[in-house]
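J.: Here's the feature list from Swiss-Prot:
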CARBOHYD  Asn157  N-linked glycosylation site
CARBOHYD  Asn227  N-linked glycosylation site
CARBOHYD  Asn239  N-linked glycosylation site
MOD_RES   Ser24  phosphoserine
MOD_RES   Ser463  phosphoserine
MOD_RES   Ser645  phosphoserine
TOPO_DOM  1-37  topological domain 'Cytoplasmic'
TOPO_DOM  60-63  topological domain 'Extracellular'
TOPO_DOM  85-104  topological domain 'Cytoplasmic'
TOPO_DOM  126-163  topological domain 'Extracellular'
TOPO_DOM  185-192  topological domain 'Cytoplasmic'
TOPO_DOM  214-248  topological domain 'Extracellular'
TOPO_DOM  270-289  topological domain 'Cytoplasmic'
TOPO_DOM  310-339  topological domain 'Extracellular'
TOPO_DOM  361-385  topological domain 'Cytoplasmic'
TOPO_DOM  431-489  topological domain 'Cytoplasmic'
TOPO_DOM  511-523  topological domain 'Extracellular'
TOPO_DOM  549-556  topological domain 'Cytoplasmic'
TOPO_DOM  578-581  topological domain 'Extracellular'
TOPO_DOM  603-657  topological domain 'Cytoplasmic'
TRANSMEM  38-59  transmembrane segment
TRANSMEM  64-84  transmembrane segment
TRANSMEM  105-125  transmembrane segment
TRANSMEM  193-213  transmembrane segment
TRANSMEM  249-269  transmembrane segment
TRANSMEM  340-360  transmembrane segment
TRANSMEM  386-406  transmembrane segment
TRANSMEM  410-430  transmembrane segment
TRANSMEM  490-510  transmembrane segment
TRANSMEM  524-548  transmembrane segment
TRANSMEM  557-577  transmembrane segment
TRANSMEM  582-602  transmembrane segment
Amino acid sequence: MIPCRAVLTFARCLIRRKIVTLDSLEDSKLCRCLTTVDLIALGVGSTLGAGVYVLAGEVAKADSGPSIVVSFLIAALASVMAGLCYAEFGARVPKTGSAYLYTYVTVGELWAFITGWNLILSYVIGTSSVARAWSGTFDELLNKQIGQFFKTYFKMNYTGLAEYPDFFAVCLVLLLAGLLSFGVKESAWVNKFFTAINILVLLFVMVAGFVKGNVANWKISEEFLKNISASAREPPSENGTSIYGAGGFMPYGFTGTLAGAATCFYAFVGFDCIATTGEEVRNPQKAIPIGIVTSLLVCFMAYFGVSAALTLMMPYYLLDEKSPLPVAFEYVRWSPAKYVVSAGSLCALSTSLLGSMFPLPRILFAMARDGLLFRFLARVSKRQSPVAATMTAGVISAVMAFLFDLKALVDMMSIGTLMAYSLVAACVLILRYQPGLCYDQPKYTPEKETLESCTNATLKSESQVTMLQGQGFSLRTLFSPSALPTRQSASLVSFLVGFLAFLILGLSILTTYGVQAIARLEAWSLALLALFLVLCVAVILTIWRQPQNQQKVAFMVPFLPFLPAFSILVNIYLMVQLSADTWIRFSIWMALGFLIYFAYGIRHSLEGNPRDEEDDEDAFSDNINAATEEKSAMQANDHHQRNLSLPFILHEKTSEC
C-alpha cells in the first residue's frame with residue numbers, strides 16, 4: 001500500500017501545474033519599461049538575422065528557383081500559426097517564461113521542465129553560433145587576419161573542438177551580457193538602433209534589385225538550361241531535365257517550392273523571445289500579441305522583397321550560396337554596394353545575437369524562481385534586471401563560443417524550438433476547452449467594460465456549469481456535448497490532443513521513411529496512411545464539437561481547433577526530418593536535465609513547497625503569491641482551473657529602473 005501511495009505522490013509531482021493569480025500578474029520584480037515598438041524591434045531583430053543575406057540564395061539555387069517568394073509565403077503562414085498561439089498565451093499569462101510557463105500552467109511540471117531545458121539549449125547554441133558568425137564576418141572584412149593569427153599560435157587539434165579558440169566571440173558575448181545586466185531599457189535602445197540600420201540596408205537591396213532586375217530571369221526556358229548544362233559538361237538529372245530544373249518560375253516544380261518552404265520555416269524562428277518579456281512590458285496583454293504578429297509580418301515582407309530582388313537581379317542558377325547579395329551586385333555592376341550589404345549583415349548579426357541572448361536569462365530566471373533550477377539564478381539587481389541569470393548565461397555561451405565547433409550542434413536548436421511550438425499549440429487547444437468560473441476583475445482595469453457582457457453571461461450560467469459538471473462520460477457527451485464546457489469535456493479534449501500528437505507523429509514517420517512504399521502503392525503503406533488520416537480528421541472534428549470556454553482575453557487564436565492542430569502537424573513533421581545523430585545528442589542533453597530535475601527541481605519546486613508571500617520576497621525576489629500554506633490539493637486544482645480562464649487584463653504599468 002505504501003509503495004503505491006509513493007508512486008501516486010510521485011506521479012502527482014510530475015503533473016502538478018503552476019498556479020497563476022491576478023495578484024502575481026500585476027506585480028513584477030523586473031523593470032516594466034518596454035513598449036510595443038521595443039517588442040517589435042526585438043522580434044524583428046531576432047528573427048531577421050544574417051539568414052536574410054544568405055538563405056535566399058541557398059534556397060533559390062538548390063530548391064525553389066524564383067518561386068522562393070512562394071516558399072517564404074508558405075513558411076510565413078506556418079510560422080504565423082505558431083505565433084498566434086504564443087500571442088494568445090502572452091495575453092492570458094503575461095509573465096516571464098515563454099513556452100516554459102505556458103506549458104507549466106496547462107500540462108504540468110515535467111513537460112514544463114523539458115520545454116524550458118530545451119529552450120536553454122537552443123538559446124545557448126544560438127548565442128554561441130551567432131557570436132562566432134559575427135567574429136567570422138568581421139574577420140572577413142579584415143582579410144581573415146584575426147583567424148590566421150589564432151590558427152598560427154592557438155591551434156586546437158581535438159575532435160569536436162573548434163579549429164582555434166575564438167577570443168573575439170568571447171569578448172562579444174561577455175560585452176552583451178554586461179549590457180543586458182545593466183538594464184533592459186538600454187539593451188532595447190541598442191537593439192532598435194541596429195535593427196533600424198538592418199531594415200534600411202534591406203530596403204536598399206529591394207529598391208536596387210527592382211531597379212536593376214530583369215523579369216526575364218523568372219522566365220528562363222528549359223532549353224536554355226539544357227544548353228548551359230551541356231556546355232558545362234554537366235550530366236542531366238534523373239528525369240532528363242537540366243540539373244537546374246525545368247526553368248520558368250518553378251524550375252523544380254511545386255515539390256521543390258515546398259522543400260524550400262521547409263528550409264525557410266527556420267528563417268522565422270526567433271519571435272518567441274517576445275514572449276519572455278511579459279514582466280518587462282508596460283501593457284503586456286496588448287503589446288505581446290501585437291509585437292509577435294507585427295514582427296512576423298515585417299520579417300515576411302523583408303524576406304519576400306529580398307528574395308524577389310535577388311532572383312530578378314541574377315539568374316537563380318548563378319546565385320552564390322554563401323554570399324548571394326554581394327555576387328548579385330557585382331553581376332549587375334554595382335560592386336560598391338557589397339560594402340553596404342556587409343554593414344547590414346553585421347547589424348543583423350548584432351540584433352540576432354541580442355535576440356538569442358535576451359530570452360536565455362529570462363528562462364533561467366523563471367525556472368529558478370519556480371524552484372526547478374538553482375535559486376541563486378532568480379536574483380534581481382537594483383536596476384531590476386535578472387543579473388545572476390544573465391551573467392551565468394553569458395559565461396556558458398562564451399565558453400561554448402570559445403571552444404566548440406557548433407556546426408554539428410546547430411540542428412539541436414531546432415528540436416527545442418519545434419517542441420516548444422508544438423506544446424504551446426497543444427496548450428492553447430487544452431486551455432480553450434477548460435471549464436471556467438467567473439471572478440471579479442481588478443477594479444483598476446481600464447478594459448474591464450469591454451469584457452462585461454461576457455462576464456455577465458458567464459455569471460448567469462454558473463449554476464448550469466455546476467449541474468453539468470456532475471454528469472458522467474458517455475457517447476452522447478462525446479458527439480452531442482453540452483453548450484458549456486465541463487470537467488468531462490475538458491478531460492476528453494486533453495486526451496484527444498495527446499492522441500492527435502501521437503497520430504501526427506506516426507503520420508510524419510510514415511510519410512518520411514515510407515514515402516517510397518507509398519509511391520509504389522504498397523498495400524500496407526496505403527492502409528496506414530488512410531488510417532492515420534481518417535483518425536486525425538475524426539479527432540480534430542471531435543475536439544471541434546466540444547464546447548469552448550466563452551470568456552474573452554485581449555487576443556484569441558482564430559479557427560480553433562484547426563489552426564493549432566495544423567501548427568502541431570508542421571512542427572512534428574519538421575522534427576522527424578532531423579538526423580539520428582541530432583536525436584542522440586538531444587538524448588544526452590535531456591539525460592543531464594533529468595538528473596538536475598529529479599535530484600533538485602522536483603524537491604524544491606514552489607508548487608510542491610508552498611510558502612507565504614514574505615518567504616517568497618526573501619527567497620531571491622520570488623513574487624508568486626499563489627501558494628499559501630492552507631491550500632489543499634483539491635483547492636489548488638479548482639483555483640488553477642478558474643484562474644486560467646480569467647481574462648487577465650492589466651493597465652499600462654511602469655516601474656522605476
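Placement of Cβ uses the backbone N, Cα and C atoms for every residue, glycine included.
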J.: Would you please pick out, from the glycosylation sites Asn157, Asn227, the one with the fewest other Cβ atoms within 10 Å of its Cβ?
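T.: Among the glycosylation sites Asn157, Asn227, the sparsest Cβ neighbourhood within 10 Å belongs to Asn157.
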J.: Can you find at least 3 Cβ pairs under 8 Å between the transmembrane segment (386-406) and the transmembrane segment (490-510), where each pair is 6 or more residues apart in sequence?
T.: no
J.: Honestly, do the transmembrane segment (340-360) and the transmembrane segment (38-59) touch, with at least three Cβ pairs under 8 Å and pairs 6 or more apart in sequence?
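T.: Result for the transmembrane segment (340-360) with the transmembrane segment (38-59) is yes.
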J.: Could you state the whole-number distance in Å separating the C-alpha atoms of Asn157 (N-linked glycosylation site) and Asn227 (N-linked glycosylation site)?
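T.: Here the two Cα atoms lie 46 Å apart.
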J.: Would you say the transmembrane segment (524-548) and the transmembrane segment (249-269) are in contact under the rule of three or more C-beta pairs closer than 8 Å, pairs 6 or more apart in sequence?
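T.: Output no: the transmembrane segment (249-269) is apart from the transmembrane segment (524-548).
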J.: Can you give the mean pLDDT for the topological domain 'Extracellular' (511-523), rounded to a whole number?
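T.: Mean model confidence (pLDDT) across the topological domain 'Extracellular' (511-523) is 91.
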J.: Could you check whether the transmembrane segment (64-84) packs against the transmembrane segment (490-510) - three or more CB pairs closer than 8 Å, residues at least 6 apart in sequence?
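T.: When sequence-distant Cβ pairs are counted, the transmembrane segment (490-510) does not touch the transmembrane segment (64-84), since fewer than 3 lie under 8 Å.
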J.: Would you say the transmembrane segment (490-510) and the transmembrane segment (193-213) are touching, if the rule is that at least three C-beta pairs must lie under 8 angstroms and be 6 or more residues apart?
T.: no
J.: So which residues does the transmembrane segment (524-548) touch in its own chain, when a touch means Cβ under 8 Å and the partner is 6 or more beyond its ends?
T.: 429, 432-433, 478-479, 481-486, 489, 492-493, 496-497, 499-500, 503-504, 506-507, 510-511, 514, 517-518, 560-562, 565
J.: Same chain only, please: residues at least 6 beyond the ends of the topological domain 'Extracellular' (126-163) with a C-beta under 8 Å from a C-beta of the stretch. Say none if there are none.
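T.: Tertiary neighbours of the topological domain 'Extracellular' (126-163) are 49-50, 169-170, 172-173, 342, 345-346, 349-350, 352-353, 356-357, 360, 393, 397-398, 400-401, 403-406, 408-410, 413.
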J.: For the topological domain 'Cytoplasmic' (549-556), jot down how many residues DSSP puts in helix, in strand and in coil.
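T.: Breakdown, helix to coil: 0 helix, 0 strand, 8 coil.
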J.: What three-state class does DSSP give Asn227 (N-linked glycosylation site)?
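T.: In the DSSP reduction, Asn227 (N-linked glycosylation site) maps to helix.
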J.: Can you work out which residues elsewhere in the same chain, 6+ from the ends of the transmembrane segment (105-125), have a Cβ less than 8 Å from its Cβ atoms?
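T.: Counting only partners 6 or more residues beyond its ends, the transmembrane segment (105-125) has Cβ contacts under 8 Å with 13-20, 93, 97-99, 356-357, 359-360, 363-364, 366-367, 372, 393, 396-397, 400, 406, 409-410, 412-413, 415-417, 419-420, 423, 426-427, 430-431, 494, 589-590, 593, 597, 601-602, 605, 607, 640, 644.
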J.: Could you give the residue numbers and ranges of same-chain residues that sit at least 6 residues beyond the topological domain 'Extracellular' (60-63) on either side and whose C-beta is under 8 angstroms from one of its C-beta atoms?
T.: 71, 252, 256-257, 259-260, 263, 307, 310-311, 316-317, 319, 321, 324
